[in-house]
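Here is the structure we will look at.
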């Protein structure tokens, strides 16, 4: 694969990560209206007269998003030409660009006309899909699947259930987390893991939003732990699956820790951004596992004379 394409794909992936973190920074610092009700300009000007921290954050996010959109478009065109023969290339290229444009339009609509918190909570999730698609394109360009013998994978039904179920459910968790930010419910519950030491259940809307997210997060932590145990028992000889789940477990635990620290530090900005970073990485890993699962589904369910069910019926040595 062309060295220049690999470098460009890596840079584009990092740029998309900056888009995600930048969006979280805008929300955390309440900088969404830093440029007023004007888009793409700031207060209708190319160079605003009154420079404020919120304006700098919002304008920087717009510039990074615009640059990332151009880079993603170039990456899509180049990858389409160079490796269009790979089945996943074209769908991933379309997903990465379309969802990046969509998140930009939602952001612009929020600035110009305003949007409800429930609609704005979709903004981060849509960006996350674009980031995951760019990341998968990059992994295909680096031929990671060949390096880890991913082309010979065989997955049993239980592992498929974990992969499909967890990535769908993780998107719900992401939405609840974004809703916490956009409804200003991050500090609605002063205690952790319960909302308050003196009572078990929330009593008002913001507390319900916060505790709903914590409950959803607890479920995904347990689910990923179960999937990791299954991978450790049956997939040690398939390192891309085994280590994929190990990394997922470490990331979701880091997500839990930073989520708790957000409460204990009363919304420390760096910890809040780390919280967004870890969920972005986790979704990227889960997306790659999904790609592998979809690939294996297209192949006959036999390997070396044994069925998938036979392979999964006994632990790998």
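Please read every residue number as a count from 1 along the shown chain.
Yeah, the Cβs are placed from backbone N, Cα and C, and that goes for glycine too.
Of all ranges given (34-54, 55-75), Swiss-Prot attaches the label transmembrane segment to 55-75. The topological domains that Swiss-Prot gives for residue 29 and residue 143 carry different names, which places them on opposite sides of the membrane. When the disulfide-bonded residues 35, 42, 189, 195 are compared by Cα distance to residue 58 (active site), the shortest distance belongs to 35. Tertiary neighbourhood of the transmembrane segment (7-27): same-chain residues 34, 57-58, 60-61, 64-65, 67-68, 71-72, 74-75, 78-79, 100, 107, 123-124, 127-128, 130-131, 134-135, 137-138, 141-142, 181-182, 269, 272-273, 275-277, 280, selected by CB-CB distance under 8 Å and a gap of 6+ residues from either end.
Tertiary proximity for the transmembrane segment (273-293) is limited to same-chain residues at least six positions away from its ends with a CB under 8 Å from its CB atoms, namely 17, 20-21, 24-25, 28, 88, 124, 128, 131-133, 135-136, 139, 145, 150, 153, 155, 159-160, 163-164, 166-167, 170-171, 173-174, 177, 240-241, 244-245, 247-248, 251-252, 254-255, 258-259, 262. Separating the Cα atoms of residue 195 (disulfide bond) and residue 35 (disulfide bond) is a whole-number distance of 35 Å. Cβ atoms under 8 Å from those of the topological domain 'Cytoplasmic' (76-91) belong to residues 1-2, 5, 8-9, 97, 136-137, 140-141, 291, 295 of the same chain, restricted to positions at least 6 beyond its ends.
Taking DSSP states H, G and I as helix and E and B as strand, the topological domain 'Cytoplasmic' (236-243) has 5 helix, 0 strand, 3 coil. Here the topological domain 'Cytoplasmic' (76-91) has, by DSSP, the following mix of helix, strand and coil residues: 11 helix, 0 strand, 5 coil.
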